[in-house]
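Participant: Just lifted these from Swiss-Prot, have a look:
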type	residues	note
BINDING	Gln44, Leu45, Arg46, Leu47, Lys48, Asn80, Thr119, Lys149	4-amino-2-methyl-5-(diphosphooxymethyl)pyrimidine binding site
BINDING	Asp81, Asp100	Mg(2+) binding site
Amino acid sequence: MTDTAQPRPRTRLYLITPPQIGDVSAFRKSLEETLSAGDVASLQLRLKGQDGMIDMQATQEVGAAVTAMAQEAGVAVLINDAAELSRQLGADGVHLGWDDMPVKTARALLGPDAIIGATAKNSYHRAMQAGEDGADYVAFGAFYPTTTKEGTIPAELELLEVWQSAMILPCVAIGGITVSNAAPLVTAGADFLAVSSGVWNHEDGPAAAVRAFNALFESLA
Ligand SMILES: Cc1ncc(COP(=O)(O)OP(=O)(O)O)c(N)n1
Ligand SMILES: Cc1nc(C(=O)O)sc1CCOP(=O)(O)O
Ligand SMILES: [Mg+2]
């Protein structure tokens, strides 16, 4: 009998913006350099107010400045929390958490081709439910402590191992990921690593971080 099992595709980087962006045109320039440094599968615009809620005005402003540029670089653009704004910006999809719009509602609004991601935190059950509801990926986290988001819940590597061995739906790992601590998540089976501060605050700058993540993924493939 022939073995038809396919090797798992290489883990890819899922870049998340800083939660606040002061100078949009400086950010656009930095992002352009960052995206040209190596493979980035997707970019999530995650602009938050001090209350942790989406900053619609900032998302609109940054989205108008960077969406087409990122898409031309081959990077899918997702909007955090806001499906309707994703549609208005011509973005590729939306990332939804437990307090956000249901996946099915977003699908009805954005159509079959949109990329819809769903937060699973540390719950295999919530991930299964999101998959049944039509999500295109599920995100487990937080794998490490983070200052980017308050109130995260610790997640174990085993979630990635079990999900990868049983499911076809891609899984994302998130939470405090840096070049230095990423390897176990890759080995455990994350299809994507979602990273904010580990890129934007990298000691050699964000473009160097993208190069270093890609070198790591290549070395573990
Ligand atoms: C890829 C990815 N995974 C998880 C989250 C967290 O989403 P959520 O729980 O809705 O929290 P906020 O990001 O809205 O604060 C994410 N944004 N992206
Ligand atoms: C947005 C987000 N969600 C998380 C979750 O656990 O669901 S952790 C997190 C923060 C991601 O940013 P950083 O890479 O800077 O830690
Ligand atoms: Mg959310």
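Keep in mind that glycine also has a Cβ here, set from the backbone N, Cα and C atoms.
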Participant: Which binding-site residues from the set Leu45, Asn80, Asp81, Asp100, Thr119, Lys149 have a C-beta atom lying less than 6 Å away from ligand 2?
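Facilitator: Near ligand 2, sequence order: Thr119, Lys149.
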Participant: Compute all pairwise C-alpha distances among Gln44, Leu45, Arg46, Leu47, Lys48, Asn80, Thr119, Lys149, the residues listed as binding 4-amino-2-methyl-5-(diphosphooxymethyl)pyrimidine, and give the largest one in whole angstrom.
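Facilitator: Farthest-apart Cα atoms in Gln44, Leu45, Arg46, Leu47, Lys48, Asn80, Thr119, Lys149 are separated by 17 Å.
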Participant: Return the members of Leu45, Arg46, Leu47, Lys48, Asp100, Thr119 (the binding-site residues) with CB less than 6 angstroms from at least one atom of ligand 3, or none.
Facilitator: Asp100
Participant: Validating a neighbour-count step here. Other CB atoms within 10 A of the CB of Asp100 (Mg(2+) binding site): how many?
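Facilitator: The Cβ of Asp100 (Mg(2+) binding site) has 18 Cβ neighbours within 10 Å.
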Participant: Tell me, which binding-site residues from Arg46, Thr119, Lys149 are within 10 Å of Asp81 (Mg(2+) binding site) if we use the C-alpha atoms?
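Facilitator: Near Asp81 (Mg(2+) binding site), where near means Cα within 10 Å, the binding-site residues are Arg46.
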Participant: So how many other Cβ atoms are close to Gln44 (4-amino-2-methyl-5-(diphosphooxymethyl)pyrimidine binding site), meaning within 10 Å of its Cβ?
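Facilitator: There are 24 of them.
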Participant: Once the DSSP letters are reduced so that anything not helix or strand counts as coil, what is Asp100 (Mg(2+) binding site)?
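Facilitator: Reduced to three states, the DSSP call for Asp100 (Mg(2+) binding site) is coil.
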Participant: Could you tell me which of these binding-site residues, Leu45, Leu47, has the greatest number of Cβ atoms within 10 Å of its own Cβ?
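Facilitator: Within the set of binding-site residues, the most crowded position is Leu45.
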Participant: Under 8 Å Cβ to Cβ from Arg46 (4-amino-2-methyl-5-(diphosphooxymethyl)pyrimidine binding site), same chain, six or more residues apart: give me those in sequence order, or none if nothing qualifies.
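Facilitator: In sequence order, Ile16, Thr17, Pro19, Asn80, His95, Ser196 meet the Cβ cut-off.
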Participant: Using CB under 6 Å from any atom of ligand 1, narrow the binding-site residues Leu45, Leu47, Asn80, Asp81, Thr119 to the ones that qualify.
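Facilitator: Only Asn80, Asp81, Thr119 qualify.
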Participant: Which residues, sitting 6 or more apart from Lys149 (4-amino-2-methyl-5-(diphosphooxymethyl)pyrimidine binding site) on the same chain, put a CB under 8 Å from its CB?
Facilitator: Pro19, Gly52, Ala142, Gly175
Participant: Tell me the Cα distance separating Asp100 (Mg(2+) binding site) from Gln44 (4-amino-2-methyl-5-(diphosphooxymethyl)pyrimidine binding site), rounded to the nearest angstrom.
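Facilitator: Between the alpha carbons of Gln44 (4-amino-2-methyl-5-(diphosphooxymethyl)pyrimidine binding site) and Asp100 (Mg(2+) binding site) there are 15 Å.
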Participant: Determine, to the nearest whole angstrom, how far the Cα atom of Lys48 (4-amino-2-methyl-5-(diphosphooxymethyl)pyrimidine binding site) is from the Cα atom of Asp100 (Mg(2+) binding site).
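Facilitator: Asp100 (Mg(2+) binding site) has its Cα 14 Å from the Cα of Lys48 (4-amino-2-methyl-5-(diphosphooxymethyl)pyrimidine binding site).
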